[in-house]
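Novice: Sequence annotations record features per position, and here TrEMBL assigns domain 'Integrin alpha third immunoglobulin-like' to 1-70. Marked as transmembrane segment by TrEMBL: 81-105.
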Amino acid sequence: RCLAFRCPLHSFERAAVLTAHGRLWNGTFLEEYLAVASVELIVRASVSVTSSIKNLVLKDASVQIPVSIYLDPGAAVAGGVPWWVILLAVLAGVLVLALLVFILWKLGFFRRARYAPPTVPQYHAVKIPREER
């Protein structure tokens, strides 16, 4: 990925020194280049001047610099979370869930609503003898 920098050079005598600093974070190094221990980065830079001066000559307008980047051994990939931390987190989660269910039970959240039986009129059946049917 290339970045272009533009900066005005208002007044300089015969020479100007341009310095660029860059930083590659260890996290980025671990994400992008996990399987390697070092990376050689080639930095290419070129300078062009836009000016109204006709006899302006640039010497060494392009430069190429190799930079070696090594992984910090102290910040290697973490081994993971210890088993006892996972067990403690699961037990704490179950305890919080049980406490929440107990509080809701005490507040009557799980009780069924009791409805009064509907009052419908009761009709008594009358037996019609078979002969009359």
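Heads up, the Cβ atoms here are built off N, Cα and C, so glycines get one too.
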Novice: In the predicted model, what is the mean pLDDT computed over the domain 'Integrin alpha third immunoglobulin-like' (1-70)?
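Specialist: Overall, the domain 'Integrin alpha third immunoglobulin-like' (1-70) comes to a mean pLDDT of 75.
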Novice: With helix taken as DSSP H, G or I, strand as E or B and everything else coil, how many residues of the domain 'Integrin alpha third immunoglobulin-like' (1-70) land in each class?
Specialist: 7 helix, 18 strand, 45 coil
